[in-house]
Amino acid sequence: MSTPNIAQDFPELFDLQSNRFGDDLSSPESNMLSPQINTSFFSPMGEVAPPGTVSPKDLFFDASAPPSTTFTDLSTPPLDTPGFFSQNTSPMINTEMDLNAVPEEWESLFPQDGFSLDLDSAALELAASLQQPKATGPPPTPVIRASASPAPSASPAPSRQGTKHSTVAGVNARQRKPLPPIKFDSADPAAMKRARNTEAARKSRARKLERQGEMERRIEELERMLEESKQREEYWRSMAKTGTN
């Protein structure tokens with residue numbers, strides 16, 4: 001195959017009257033239109049490509065996209081086909097390529113009844129019985145046992161006035177004995193310091209106990225006043241009822 005000369009072919013391409021077009025463009029400097037440039041790249045690729053060259057069609061034959069490119073579909077179609085590029089890609093790819101052309105008519109990847117389990121009827125009945133509230137009936141009547149001894153007369157319940165929980169439980173307050181005097185060696189500085197700390201702790205504890213006793217007496221007084229106010233309220237309420245009748 002002869003090497004084409006672009007400078008000589010320009011008069012025929014552009015229908016020029018003169019053949020000096022190539023002479024005007026020819027110069028010692030190598031350029032795109034100079035006959036001095038190597039024109040091997042204008043020849044077909046099959047002649048200059050080495051035997052081990054792989055075409056892009058062979059690279060994309062397995063429908064795998066290069067890792068450094070981005071495509072609209074999951075992969076690139078063959079180069080000899082127009083290809084169908086869309087943004088409605090789906091991970092479900094049929095190897096036979098017999099999918100419907102309308103994506104809305106495809107079968108769902110996650111069917112609603114795909115995870116349905118067959119439940120035992122006995123288990124359903126048991127669950128329904130557990131969810132039903134139990135019927136609440138009247139409380140059972142206590143059984144009164146007859147005894148030979150006469151029943152004690154009903155005595156009025158004692159008021160809470162001046163009554164402590166410890167007294168009802170049979171627990172009496174411990175009688176506190178007077179503490180012994182603090183003895184220490186006046187020649188020992190550590191013993192003197194320990195004695196002063198002990199005396200300060202005793203005074204603090206005594207003040208705390210005194211404060212606690214005052215609070216207990218105040219609570220008893222308030223409870224007594226509350227009980228008296230309740231009694232007065234009941235008295236005047238009963239008087240109002242008798243007056244209206």
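The backbone N, Cα and C atoms fix where each Cβ goes, and this holds for glycine too.
Now, the feature entries from Swiss-Prot:
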COMPBIAS  27-38  compositional bias 'Polar residues'
COMPBIAS  146-159  compositional bias 'Low complexity'
COMPBIAS  196-214  compositional bias 'Basic and acidic residues'
DOMAIN    187-245  domain 'bZIP'
REGION    19-38  region 'Disordered'
REGION    68-91  region 'Disordered'
REGION    128-214  region 'Disordered'
REGION    193-211  region 'Basic motif'
REGION    222-243  region 'Leucine-zipper (atypical)'
MOTIF     193-211  motif 'Nuclear localization signal'
I'd like to know the mean pLDDT over the region 'Basic motif' (193-211).
91
Which sequence-distant residues neighbour the compositional bias 'Basic and acidic residues' (196-214)? Criterion: at least 6 residues beyond either end, Cβ under 8 Å.
179, 182
Could you give the number of helix, strand and coil residues in the region 'Basic motif' (193-211) as assigned by DSSP?
19 helix, 0 strand, 0 coil
Go ahead and report the DSSP secondary structure tallies for the domain 'bZIP' (187-245): helix first, then strand, then coil.
56 helix, 0 strand, 3 coil
